[in-house]
Amino acid sequence: MTAPWTLPDFDDHEGLHLFRDAASGLTAIIAVHSTHLGPAAGGTRFWHYPNGDDAIVDALRLSRGMSFKNAMAGLPMGGGKAVILADTMRTKTPEMLAAFGRAIDSLGGRYVTAEDVGMSDADMVAIAKTTRHVSGLPVAAGSAGGDPGPTTAFGVYLGVLAAIKRALGKDSAQGVHVAIQGVGSVGGGLARRLAADGAKLTLADADAARAAKLADELGASHVPAADILTVEADVLSPCALGAILTEQSIAALRVPVVAGGANNQLATPNDADRVHARGILYAPDYVINAGGIINVALEYLGEGDRAEVEARVRRIPERLNDVWAESAANDVPAAIVADRMAKRLIGRG
Ligand code: NAD
């Protein structure tokens, strides 16, 4: 096994905690990247990894990403991430979740969890039986918290409007052509808002019928999933998978703006330079898609209701504008500017 602190993804993490509970079959890792701004917040991923090293790398990489995301969202939260190493059958039991809750609790509030891949709000309820350091629980209407998708979509919509303003000089999405990759929770919500503004939409989804249905409903066009990245449009909004901006795909883009909700859109750090070199205005993903984390963070902190969540999400365009202004002033890719700003905020700049 590789010593974690020699891995490229180790970034002076404050803690890397391993938990085993033989009785329930739990094996889990909690990575605490930074608590500079507050408790390290980030979801739990329930995943079958080929080996333990891969799980550690995921926890290190994702927890650092959460530090940056929470800082740029203006939240009083640090960054952390947990992974539960699932077996090949992805067996998950109440006993395992109870043991995981005890593991979280043993950190005394330094780490706060929520849903990530493979975890549901029902799982959060199960974890909440043994720790209070959990968010993403079902909530009453009008409260902060609950399904983060619609709030993320709202923040992405505001970010797209800010990008349209900066790159095209337009005050609304009326008549602006937006190509959306993935019309699930985030992309679908974005499409509905943009359609209501009179935008021209081209939609695509790996589930072609899903894209066709929404396109019919909204009076939009749809194309096969393989074609969306080369549609000529004003904005490309990636709202499906990560790593879609590669050397090849960036060279083929026919848009002046990329602004969407998908996590980790840049396949490699060099792709930040490639997007910048093409003169494309890029909205760093973790800045524009912070609506969901703002929602669950306020739920955990008990700070306010839906109106407060919305007020904080409305500040996303301001942060994007700060990033774009610094990017233009210093001729540095927006993604790198965002990382630098985040590092300054967590005291590592
Ligand atoms: P979702 O599962 O609801 O929707 C994703 C959609 O993308 C699905 O309809 C799927 O069929 C489609 N898709 C998958 N591969 C595709 C491809 N190659 N081409 C076109 N479409 C494809 O997920 P979501 O919650 O809308 O999340 C979308 C993205 O936003 C993810 O990258 C996610 O990590 C990120 N994100 C989501 C939230 C949130 O609050 N839900 C918050 C931050 C970031």
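Cβ atoms here come from the backbone N, Cα and C positions, even for glycine.
Counting only same-chain residues six or more apart in sequence, the Cβ atoms lying under 8 angstroms from the Cβ of Lys81 (active site, proton donor/acceptor) belong to Ile30, Ala31, His33, Gly42, Gly43, Thr44, Arg45, Asp58, Ala59, Leu62, Ser63, Gly65, Met66, Asp116. According to TrEMBL, the active site, proton donor/acceptor annotation covers Lys81.
Around Ser185 (NAD(+) binding site), the same-chain residues at least 6 positions away in sequence with a Cβ under 8 Å from its Cβ are Asp147, Gly149, Pro150, Thr152, Ala153. The NAD(+) binding site feature in TrEMBL is assigned to Gly182, Val183, Gly184, Ser185, Val186, Gly187.
Packing around Gly184 (NAD(+) binding site) is summarised by its Cβ count: 16 other Cβ atoms lie within 10 angstroms of its Cβ, all protein chains included. In sequence order, Gly149, Thr152, Ala153, Val156, Cys239, Gly261, Ala262, Asn289 are the residues near Val186 (NAD(+) binding site), counting only same-chain partners six or more apart with C-beta under 8 A. Excluding Gly182, Val183, Gly184, Ser185, Val186, Gly187, which define the NAD(+) site, the same chain contributes Gly149, Ala153, Ile180, Gly188, Gly189, Leu190, Asp205, Cys239, Ala240, Gly261 within 8 Å (Cβ to the Cβ centroid), listed in sequence order. Checking the recorded positions Lys81, Gly182, Val186 for a CB within less than 6 Å of any atom of ligand 1 leaves Gly182, Val186, listed in sequence order. Residue environment of Gly182 (NAD(+) binding site) contains 28 other Cβ atoms, counted within 10 Å of its Cβ in all protein chains. Long-range Cβ neighbours of Val183 (NAD(+) binding site) (same chain, at least 6 residues apart, Cβ-Cβ under 8 Å): Ala191, Leu203, Ala204, Asp205, Arg210, Ala211, Leu214, Cys239.
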